[in-house]
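Notes to accompany the following structure.
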Amino acid sequence: MSDLKEAIQLIDENKQFNPSTLNYFTKCLGDKNVGVKYHVISVFGSQSSGKSTLLNKLFDTKFDTMDAQVKRQQTTRGIWLSHSANIYSSGAANQSIPDFFVLDVEGSDGAERGEDQDFERKAALFALSVSEVLIVNMWENQVGLYQGNNMGLLKTVFEVNLSLFGKNENRHKVALLFVIRDFTGQTPLESLEASLVLELEKMWSQLSKPEGCEDTSFHDFFVPNFFGLGHKVFQPEQFDNDVKSLGDLFVDQDASFFKDEYHTHLPLDGWSLYAENCWEQIENNKDLDLPTQQILVARFKTDEIAAAAYNKFLNDYQSQVTDSLDGKELATVLKTLQSTCIDVDYDPFASRYAKKVYEERRDDLIKQLNTIIDETITNFVTRTTSSLIETFHKNARDRSLKGPFKLKIQSALEKASRTFKTNLAPFSELELLSSMDAYISKFEARVNTEVADLQERELNAIVARFNKGLTIKLKDTILHLLAKPTINVWDDVMKEFTSFLDGSLKKYTNEDGKIDFQTGATTDANDKTEHTLKRNAWSFLDHTVHGYLTEDNVVDIMRNVFNDKFRYDDDGMPKFWKNEAEVDASYRLAKSQALSVLDALAIVKNKDNVEILIPEALLESDGDGSDYEENGGQEEEEAGLYHQQRFSHVLSALQKDKIITKFKQFTDLVIIEAKRSIVNTTERIPLYMYALVVALGWGRIITILRNPATIILSIIVLAGAYFVHKLNLWGPLLQFANQATGQATAVLKQTVRSLVVDEEPKRKILVEPHESEGVDKEPSKNDQHL
């Protein structure tokens, strides 16, 4: 242990706390572990009343003191701290003395601060908060005075102290040691003591007490003690002996100065932090709580024990909790970890400390554990929910299961809910969950969402299959009826359309005649789907009819009808006209029937001449109807009528005129061709001309027939022509001939080009002799050209 006696300024005159206090303790004590075996003593009194001198004499400290022979002025500024292990007493030098930490507080009523008493009050309150013994240094002649013995300052300090600590059940008591300086003994110490106690009690009764502290007394917070010291200058020996006697009171372990209720019960490092916090709260006028040593130690130790237990819990948790555990296994592991942490690692060690603190920290630890447990259960529920949802989808779509989709969903839903509750039950049984209702409700909401999604998908699939059936089963039939129309073509079309629509909905019609698609969906969803099917069917019919019956297609249909009636009889045999009258009759009949087909196709109506309209309820709306309502509904009515008439009115009058014009052009050509064929037939070559040709050319015919080469060549040519015609090879043969002709032409051009190139050297040879004979001759025009 160091013999360091120099003091440090704990709080400077600018009210700043010294952050190196703990280092000072380390320098003073070295490696010594004092624990709570130390005492804090402070001194309070007027400026220049000899406080520092008394402390230096009594505790062997080195506080600065005033040189009265030079000037009386402020010496101690702020609050100073010094360590002492020596007490000036009459006892043996080697007796065991605890460690003392002495606070020298700046004197009150100094000229330097004047009327500024803020620091005086805060310093006095700080000394009361952190000290076991507060030495009140006063002169004997100040007893009975109010300002002279700092009673005004004490009243203010006591009042603030009461407002801060009065409601604390574990009140921190302080021993007030009134040291009466220059005590002459003329007035007995007991009389002075009685006067001071009376003043203190009277002052206490006049305090403004907070609610709940009305019945408190001065002695509930303070234990007054009194001691007289002789005059230091005029009674040096008496003063010395009195200081020794006072020191004996501090050394005597049985003295009343060091009762357990005075001590803060904090380790020394804890006292440093505690003192700093006290000063910060006093400086900032915050409520100050001075817990007892048991509370502080309990908090410190229970925090330490809880932290160790929690860390062990985390280590065990990371090694034992995995995603592969099922509900029962996971619940067992979590319950074991929780019980071990609380019952084994925390309770046996922490229960030895203050019950209230132990229970509070236990609750905090349980909350920490529950946070992890709840998070683990939530993750488990999330994984379980995802797995069950996936299984639910598989079961709902299992094609091996017979029955309506509604029964499949219901069965899959019951199975998923049952499995979920089974997996969650162990957590409730082991009290890891207070209630499963929240998780079950959340799971059911998730499953219901999936059910609604599957139902919607199934309804969409029904609509898709219906739309596909329209294309596969109905479209070709309608197009066939339109391609070969009759006068009652629309009755036939609507018969097929109604038959398909009713047949598609019949299997979904229940006994009450209402549509139920057996998906478990609501009535509104079924009605909406039924409406969609019917609307799609009519929309399909609309697009099919209007898409096929274009102007060109209608002209083709009329041509076919005209040709069938004009060129063929009722038995389907081709007609052979003998005269123009027959042609004209067939023409008029065929044209009339073709035009009647045009009239039938132009407007969708039944045999009773009533237009067939799309049901008004199935007409698609262009908006929410709000725009129509502003106009009294008139525009909406007109729009609906337009869509209905658009379906039934296939061809407009203008389109019919165009179609008739194109059709007339076709029929005019047909009748002209027919009449021309009659003329050609009646003006054929006479038969005697054929006989004359044979008679005159008989010799040539015999010559050809008698020539074997001609016969063989004719047979080969005729056979080749027959096979080419039979195999339909005239096209490839013609293409081959064209290619052969092209290649022959290319070869011929190449041959001519080669001949020209070969002729060129010969011409050069003929020219060179002439050039050698006359080099200076001008070249001829042919040479220049070459």
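Placed from the backbone N, Cα and C atoms, the Cβ positions cover glycine too.
Remember, predicted model here, so these are calculated numbers, not experimental data.
Summarising the annotation, Swiss-Prot assigns domain 'GB1/RHD3-type G' to 35-262 and lists sequence analysis as the type of evidence. Per Swiss-Prot, GTP binding site is recorded for Gly45, Ser46, Gln47, Ser48, Ser49, Gly50, Lys51, Ser52. Per Swiss-Prot, coiled coil is recorded for 355-375, and the stated evidence type is sequence analysis. The transmembrane segment annotation in Swiss-Prot covers 685-705, 709-729, and the record cites sequence analysis as its basis.
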Beyond the site residues Gly45, Ser46, Gln47, Ser48, Ser49, Gly50, Lys51, Ser52: chain residues whose C-beta lies within 8 Å of the centroid, for GTP: Gly107, Asn137
Residue, out of the binding-site residues Ser46, Ser48, Ser49, Ser52, whose Cβ gathers the largest set of other Cβ atoms within 10 Å: Ser52
Proximal but sequence-remote residues of the same chain as Lys51 (GTP binding site) (Cβ under 8 Å, at least 6 apart): Val43, Phe44, Gly45, Thr76, Asp104, Val105, Gly107, Ile135, Asn137
For Gln47 (GTP binding site), the number of other Cβ atoms found within 10 Å of its own Cβ: 20
DSSP-derived class (H/G/I helix, E/B strand, else coil) of Gly45 (GTP binding site): strand
Which same-chain residues, if any, lie at least 6 apart from Gly50 (GTP binding site) yet have Cβ under 8 Å of it: Asn137, Arg181, Lys232
Assigned element (helix, strand, coil) containing Lys51 (GTP binding site), judged by DSSP: helix
